[in-house]
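Colleague: TrEMBL lists these features:
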- Arg15: site 'Transition state stabilizer' (SITE)
- Lys22: site 'Transition state stabilizer' (SITE)
- Arg156: site 'Positions MEP for the nucleophilic attack' (SITE)
- Lys209: site 'Positions MEP for the nucleophilic attack' (SITE)
Amino acid sequence: MDVVALVPAAGRGERLGYGMPKALVPVLGEPLLLRAVRGLIGSGCVHHAIVAAPPDAVEEVRAAVAPAGGAVHVVPGGSQRTESVRCALAESARVVPDAAVVLVHDAARAFTPASVIREVVCAVRDGADAVVPVLPVADTIKQVDADDRVTVTVDRARLRSVQTPQGFTPEVLHEAYAAVGDAATDDAGLVERLGRTVATVSGHPQALKITTAFDLAIAEAVLAEPFPGRDRP
Ligand SMILES: Nc1ccn([C@@H]2O[C@H](COP(=O)(O)OP(=O)(O)OP(=O)(O)O)[C@@H](O)[C@H]2O)c(=O)n1
Ligand SMILES: C[C@](O)(CO)[C@H](O)COP(=O)(O)O
């Protein structure tokens, strides 16, 4: 049964500061979005990708992602990530009505190893309603008050940093998006609000979100220079 990936790519990339949608920013000659979609399809377990593009750059995004092949659809996204995912989800119901698994994967996490994508898909196929890849938190975490004074040092043993792709059964993701009130910072958050269980699998440092120019420099270094433990994105 088919796996469809929704790829929110409609962000402006303000923090990256390239003056163009982040999805179109080239990394060693190829746009971030193309790398992200190739990574999904190349994992061998994703059959269709639905990309949410900035509404004023749909044709540019279509051209950028064309080399990835035929199973990729591009729709206009929204002004918030949640809205962009909603647009892609609606298109996926039209294009792949019988999908068995729906992934949501940030275009900005373009270097996610195939092993992470496969693990997320397998976890949903094995019966989970919702799955997120996570990493332990490496820094000490402190909470501050309104004046930025530390109020408490949080026990980090049970904290996890969350990546994408996040995986869902289509029924659960549709239910979560039908119920959504306020926007959420990730899709699993909407499923949590339904009271459903969200499972975790191991994330990977290479699945970092390209947010700033520093992140991009790290990604370029990883692509250029193999290091112990590097996984192919
Ligand atoms: N209206 C939006 C906002 C974000 N995204 C996507 O959601 C992912 C995570 O968002 P983020 O990294 O914060 O991207 P931007 O919104 O582009 O970043 P910034 O806040 O710096 O502009 C990205 O793939 C981005 O394209 C989206 O599809 N639609
Ligand atoms: C979905 C996400 O990448 C999981 O870590 C993250 O929450 C996106 O947040 P952003 O503020 O939209 O970049």
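For all residues, glycine too, the Cβ spot is worked out from N, Cα and C.
TrEMBL entries are annotated by machine, without manual review.
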Colleague: Would you pick out, from the recorded sites Lys22, Lys209, the residue whose Cβ has the largest number of other Cβ atoms within 10 Å?
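Modeller: In terms of Cβ crowding, the pick is Lys22.
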Colleague: For a Cβ distance below 6 Å to any atom of ligand 2, name the recorded sites from Arg15, Lys22, Arg156, Lys209 that qualify, or say none.
Modeller: Lys209
Colleague: Using a Cβ-Cβ cut-off under 8 angstroms and a sequence gap of six or more, which residues of the chain neighbour Arg156 (site 'Positions MEP for the nucleophilic attack')?
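Modeller: Expected: Pro136, Val137, Asp139, Thr140, Ile141.
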Colleague: Taking the Cα atoms as reference points, how far is Lys22 (site 'Transition state stabilizer') from Arg15 (site 'Transition state stabilizer') in Å?
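Modeller: Rounded to the nearest whole number, the Cα-Cα distance is 9 Å.
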Colleague: Could you measure between Arg15 (site 'Transition state stabilizer') and Lys209 (site 'Positions MEP for the nucleophilic attack') for me? Cα positions, answer in whole angstrom.
Modeller: 12
